[in-house]
Amino acid sequence: MLRTCDITHIKNNYEAIIWKGERNCSTISTKYPNSAIFYKKRFIMLTPELGFAHSYNQQVKPLYTFCEKQRHLKNRKPLTILPSLTRKLQEMKFLPASDKSFESQYTEFLESFKILYREPLFLQIDGFIKDFRKWIKGEFNDFGDTRKIQLEPFQKNILIHVIFFIAVTKLPALANRVINYLTHVFDIEFVNESTLNTLKQKTNVFLVPRRHGKTWFIVPIISFLLKNIEGISIGYVAHQKHVSHFVMKEVEFKCRRMFPEKTITCLDNVITIDHQNIKSTALFASCYNTHSIRGQSFNLLIVDESHFIKKDAFSTILGFLPQASTKILFISSTNSGNHSTSFLMKLNNSPFEMLSVVSYVCEDHAHMLNERGNATACSCYRLHKPKFISINAEVKKTANLFLEGAFIHEIMGGATCNVINDVLITEQGQTEFEFFRYSTINKNLIPFLGKDLYVYLDPAYTGNRRASGTGIAAIGTYLDQYIVYGMEHYFLESLMTSSDTAIAECAAHMILSILDLHPFFTEVKIIIEGNSNQASAVKIACIIKENITANKSIQVTFFHTPDQNQIAQPFYLLGKEKKLAVEFFISNFNSGNIKASQELISFTIKITYDPVEYALEQIRNIHQISVNNYITYSAKKQACSDDLIIAIIMAIYVCSGNSSASFREI
């Protein structure tokens with residue numbers, strides 16, 4: 001006979017032993033931070049790492065995030081602390097708390113925190129994440145192949161949606177704690193509360209182009225859920241019987257190969273993994289036999305190729321919506337040429353943000369794929385393409401030869417777009433360019449800045465301010481980004497002045513001012529456009545060099561182009577590369593790779609006018625012109641010229657290219 005207290009003691013010891021190998025051991029410090037506090041109770045907060053502290057520490061985001069992240073790390077590496085900080089910390093003295101009850105409160109609080117790490121369902125979720133991490137690292141591959149698996153963004157999104165919902169429904173009492181843990185595991189601390197609520201909602205729709213690994217990714221999700229989450233019930237519905245049968249056999253094969261120690265059965269389209277006290281099941285059905293899913297209590301229902309599911313079967317699937325513990329994932333490709341097979345796109349207007357669309361073209365530029373013969377990507381180029389996907393002009397031509405419109409409808413993804421919108425510059429890009437500027441005289445930033453200054457000069461020999469002026473732009477690099485150091489939009493005061501001298505002095509004045517503020521530049525590379533007047537371009541180059549070398553000891557080189565006699569001259573002839581330069585600029589601008597310096601130099605733009613805002617006005621005017629299937633770009637509008645923006649675009653384009661051999665001294 002055992003006494004009750006002995007039974008409890010033995011049970012606790014037994015559980016501690018059997019969980020020892022699997023448990024994600026808590027790294028919470030058990031040492032009581034004994035420090036006195038001198039403020040009211042309502043201002044006190046209690047955390048495992050800080051003990052009793054003032055509640056304003058919750059607003060110190062780096063501190064609070066660091067504490068939470070360290071709390072969830074299993075094997076923490078020793079932290080490296082600067083010696084000066086160590087000395088300062090050692091000098092700090094804390095008075096011990098006089099109230100002994102604080103220590104008992106802290107101990108009780110710590111025990112409540114450790115409940116999560118002892119919760120069996122938490123250990124199951126953690127086991128699922130560990131197995132998935134091993135699979136990504138290639139540890140489950142056959143024949144010694146240890147190559148890592150690279151997940152696409154939409155696949156990561158599906159994984160997070162699945163595990164977040166299961167965590168919330170399986171552990172409702174500890175939902176906030178486990179969600180906090182998962183945000184650290186998946187490294188998504190930056191997401192806000194609204195996004196977290198989206199991850200936890202019951203229904204989500206993923207529309208992804210064909211051949212991108214939708215069905216392939218479902219197999220490991222089902223396999224690892226069956227292995228780790230005890231008692232889970234999964235449903236899988238496909239548009240064809242052979243698809244559901246194939247997925248079922250793949251799941252069975254992977255489970256038997258990866259988990260040979262588990263008891264696995266496959267009978268009547270149901271795969272079962274037998275745990276000690278309960279079974280985990282996955283049922284596979286086609287839309288022609290939805291009777292098998294009626295009356296089930298799924299935790300996860302995956303509807304593959306949802307756009308091609310019979311409408312009668314959809315009624316049965318939607319019957320699971322009222323079930324609070326069921327997550328429904330609609331995953332499908334899109335035939336956007338047919339509204340009957342793209343009806344899920346209507347959810348784009350849903351207030352619940354349940355629709356995620358993967359496409360190679362945004363709605364603003366979908367029409368351009370038809371207008372441009374060889375175009376195969378969105379003109380804003382915010383694109384992530386897997387390495388196993390090849391989309392080029394030949395693929396487009398071949399697809400459209402078989403079936404008119406097949407390229408845009410079957411391959412590119414997205415929805416039928418009847419709205420034509422020629423907006424090339426995104427609002428996000430404009431906002432980032434206007435407000436996020438680097439301080440290029442910051443000593444911590446200087447080591448990462450490029451040591452070459454590129455200056456593009458587009459001269460205009462007219463005094464008509466309504467026509468055009470001289471655009472000058474100075475560009476440098478910061479890692480893979482481009483920084484605007486200076487810009488000028490110069491108009492001749494009158495035709496009586498020497499236009500060559502005035503333009504050259506304006507450019508030299510800007511360059512010298514930039515060099516005064518940024519002495520780290522070792523070379524100035526100047527590009528003078530010679531399309532209007534080659535002789536004047538050569539004269540401008542000579543005057544600029546004379547002005548700079550008289551004031552600064554720095555190497556000055558000019559872009560050289562062979563003339564009719566094959567003699568290299570210091571000017572640049574702008575040709576068809578202007579189109580490529582504009583597209584390169586648009587892609588980098590929209591991706592946030594073009595920034596302005598806080599110490600930007602400009603003498604010709606009014607003091608009351610921010611030069612960056614002045615440049616933005618011209619950037620917003622960039623538009624596409626299509627004439628006889630030939631595409632070009634312009635930023636000219638009725639009351640606005642494009643001289644400055646063309647200079648910026650070309651300076652960035654030349655800076656990005658491998659054109660060092662074309663720069664020579666004169």
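Heads up, residue numbers simply count up from 1 along the chain you see.
Keep in mind that glycine also has a Cβ here, set from the backbone N, Cα and C atoms.
What Swiss-Prot records for 208-215 is motif 'Walker A motif'. Among the features that Swiss-Prot reports, motif 'Walker B motif' is placed at 300-305. Residues annotated as active site, for ATPase activity in Swiss-Prot, with sequence analysis given as evidence: Glu305. If you look up Swiss-Prot, you'll see Asp458, Glu529, Asp643 marked as active site, for nuclease activity.
Overlay of Swiss-Prot annotations on the structure.
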{"residue": "Glu305", "record": "active site, for ATPase activity", "DSSP class": "coil"}
{"residue": "Asp458", "record": "active site, for nuclease activity", "DSSP class": "strand"}
{"residue": "Glu529", "record": "active site, for nuclease activity", "DSSP class": "strand"}
{"residue": "Asp643", "record": "active site, for nuclease activity", "DSSP class": "helix"}
Fill in the blank from the handout: Taking DSSP H, G, I as helix and E, B as strand, the motif 'Walker A motif' (208-215) contains 2 helix, 0 strand, 6 coil
Exercise for the section: Find the one among the active-site residues Glu305, Asp458, Glu529 whose C-alpha lies closest to that of Asp643 (active site, for nuclease activity). Expected result: Asp458
Handout entry: Listed in sequence order, residues with CB under 8 A of Glu305 (active site, for ATPase activity) and six or more positions away
Key = Ala238, His239, Val243, Ile331, Ser332, Ser333
Problem - Other C-beta atoms that fall within 10 angstroms of the C-beta of Asp458 (active site, for nuclease activity) - result: 25
Handout entry: Packing count at Asp643 (active site, for nuclease activity) (other Cβ atoms within 10 Å of its Cβ)
Key = 25
Exercise for the section: Calculate the distance in Å between the alpha carbons (Cα) of Glu529 (active site, for nuclease activity) and Asp458 (active site, for nuclease activity), and round it to a whole number. Expected result: 5
Problem - Other C-beta atoms that fall within 10 angstroms of the C-beta of Glu529 (active site, for nuclease activity) - result: 24
Completion exercise
Confidence over the motif 'Walker B motif' (300-305), expressed as mean pLDDT on the 0 to 100 scale, is 92
